[in-house]
């Protein structure tokens, strides 16, 4: 088989979820409803945070950025998947695949760092409540948020430049419903050892750093709770940190299963299922978790809904 370079490939074929005509329409309707629900819930939460003065605080500033990321994540992959299910249009151009890959890794990386920043914010809220407004100022919030987006974009730029300069021997069928790097590495006929090594090292350093910040923040919160021994402290701490902790567990669980492993363990069918959990269910559940666990958010959402009803 003749060896060709990836730059000569004009398009790729996304295998997608199913070729069975009898279930394609069912899957299309199901995922369209999930996507619309994800868009509606995150847009509603963003609207509540931006319009309600009660939510103009650092915690909700970070939450607004999380909702924005949860809007971007499914929008990068789901419309193309829906088109493949309904119209059987599975081809994606080289530039489209590159852009999709870059955008998705940027969103994933930014969300990892943002969750670490939010963990630090919860640590200050629980352990230093009287100094919270002076420590976590809006200027610091803006700087931390800008740093998370910049780091996520730079990390994605490195990943994309490494993956899309590999050589391929012809097969262009990506065993996934979007352009992700594990199936891209599986297609390469050149050695991917150095690429995987660099990606794992960089992702390991950045990801473990964010994870350490998150874990240390919650260890300090736990130690503070044990040291105080005041009545109701557990309930207060859980009401402050419960939503974020649930989102962290959901995010890290699906992300680790998807990305933190060598390509030799790549399984197309398993990866599609896990990718669904990360790419569609997590962005849907995040605003629901914060809405159910937070009285201020629920009150703000009620005010937004009532304003929309009056406008209609």
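The backbone N, Cα and C atoms fix where each Cβ goes, and this holds for glycine too.
The stretch that TrEMBL tags with transmembrane segment, taken from the ranges 3-21, 60-78, is 60-78. Of the listed segments 121-139, 140-158, TrEMBL assigns transmembrane segment to 140-158.
Taking Cβ pairs closer than 8 Å, the transmembrane segment (25-48) reaches residues 17-18, 55, 63-64, 67-68, 70-71, 74-75, 78-79, 81-82, 85-86, 280-281, 283-284, 286-288, 290-291, 297, 300-301, 303-305 in its own chain, all 6 or more past its ends. Counted over residue pairs separated by six or more positions, the transmembrane segment (60-78) shares at least 3 Cβ pairs under 8 angstroms with the transmembrane segment (140-158), which defines the two as touching.
The stretches the transmembrane segment (197-225) and the transmembrane segment (140-158) meet in space: the count of Cβ pairs below 8 angstroms, excluding pairs fewer than 6 apart in sequence, reaches at least three. Taken together, the residues of the domain 'G-protein coupled receptors family 1 profile' (41-290) have an average pLDDT of 84.
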